[in-house]
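J.: After the structure tokens below, expect a handful of questions from me.
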Amino acid sequence: MTKNLYLGVMSGTSLDGVDLCVMDFAKNPPKLTACGFTPMPEDLRTDLSHLLKSGETSLQKLGEIDHRLGLLYAESIKRFLAEHQLSASDIQAIGCHGQTVWHSPNGNFPFTMQIGDMNLVAAHTGITTIADFRRKDMAVGGQGAPLVPAFHEGIFASPERLTVVLNIGGISNISVLAPQQPTIGYDVSVGNALMDSWIELHQAKRYDKNAEWAKTGTLIPALLDSLLDEPFFKLPAPKSTGRELFNLEWLAKKSANLTAYRPEDVQRTLAEFTVQSVVNELKTLESEKQCLLLACGGGARNPLLMQRFSELLPKWQVATTDEYGLDIDYVEAAAFAWLAYQRVHNLTNNLPSVTGAKEPVSLGVIYPK
């Protein structure tokens, strides 16, 4: 059978590295046929982390990081294809998200910025590359995010149940797939970002593996209440957020004196905050039908988070996308392969019910090989 392969490439707010996956669109539904990961080089991660945390840089530095990211994507793709015995001619197109460095969808001059020079990606791989997916949605009045729910709808929706796909990356976002209703999707809260930043500050680790550190801590109710008292949670959907809100500076403002607490107690509280802020939103969506929560992203491998979701959502079946045929670490990368497929065929790939756009459009800028 003839294959119709597209390569999705994603690097998220966690800055851990580059996810890559190949989707075969000759299959119905499309099938994930290969996936891989390239760690972010430490020097590039440090520069990106500083840029994300401060929002400040020089044009010279920004241009250099843009170039370095483009090279990282290109080299990651070439190595990935070689490892899976694929050639450039096997791939119809690449869908590459780029690296978000700022997302500001509100105000008089809404904008979003993803960097990583896609001219380098197309030139170095010899594969047509699709990128810059978010700005056209914003140009027609949308938030530019989230883009993945349209893909979730095609893969996971069922007329028999309410399905919510929860992606726990740096930020937590959901796709709400309700029978006979338009799909909606939006950012609901922080994901791993605060927990990752906190353990990096105190233990120089990138993340709290298996919640081992958080499990040694004790919940701080007063801090939890303060964190949950955040105006973002009261905003109507669709809405989007990022590290420009949920960061260590925000955390410090939410507590009179963070240093008065044991760091592990703060970590346990941040884990609980991540769960409860999401659960509060999910409970507003509960229906009489069966309710299924499908978790994906790095946070779906956190046993403490998954345990607390199960405990706080007794009416829901709580599972991961692994159990439904899509590796939890590669759902977003798979979505960008789908977005590229739609763009190449000039099909719409945004959902106005999700982003708030005035009309459906075909997102993505084409960089020919």
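Heads up, the Cβ atoms here are built off N, Cα and C, so glycines get one too.
Reproduced below are the annotations present in Swiss-Prot:
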type: BINDING; residues: GLY12, THR13, SER14, LEU15, ASP16, GLY17, VAL18, ASP19; note: ATP binding site
J.: For ASP19 (ATP binding site), what residues in its own chain, 6 or more apart in sequence, show a Cβ-Cβ distance under 8 Å?
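T.: Counting only residues 6 or more apart in sequence, the Cβ neighbours of ASP19 (ATP binding site) under 8 Å are GLY8, VAL9, MET10, SER11, GLY12, CYS35, GLY36, PHE37, ASP329, TYR330, GLU332, ALA333.
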J.: Near the Cβ of ASP16 (ATP binding site), how many other Cβ atoms are there if near means within 10 Å?
T.: 20
J.: Setting GLY12, THR13, SER14, LEU15, ASP16, GLY17, VAL18, ASP19 aside, what same-chain residues sit with their Cβ within 8 Å of the center of the Cβ atoms that define the ATP site, listed in sequence order?
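T.: Neighbours found: MET10, SER11, MET40, GLY169.
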J.: Using a 10 Å radius around each Cβ and all protein chains in view, which of these binding-site residues has the most neighbours: LEU15, VAL18?
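T.: That would be VAL18, with the highest Cβ count within 10 Å.
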J.: How would DSSP class THR13 (ATP binding site) in three states?
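T.: Note: THR13 (ATP binding site) is coil by DSSP, not helix or strand.
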J.: Looking at the binding-site residues GLY12, GLY17, which sits with the largest number of other Cβ atoms within 10 Å of its Cβ?
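T.: Result for the most crowded candidate: GLY12.
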J.: Relative to the Cβ of THR13 (ATP binding site), which residues of the same chain, six or more apart in sequence, are found under 8 Å away?
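T.: Sequence-distant Cβ neighbours: LEU52, THR100, GLY169, GLY170, ILE171, ALA193, GLY242, ARG243.
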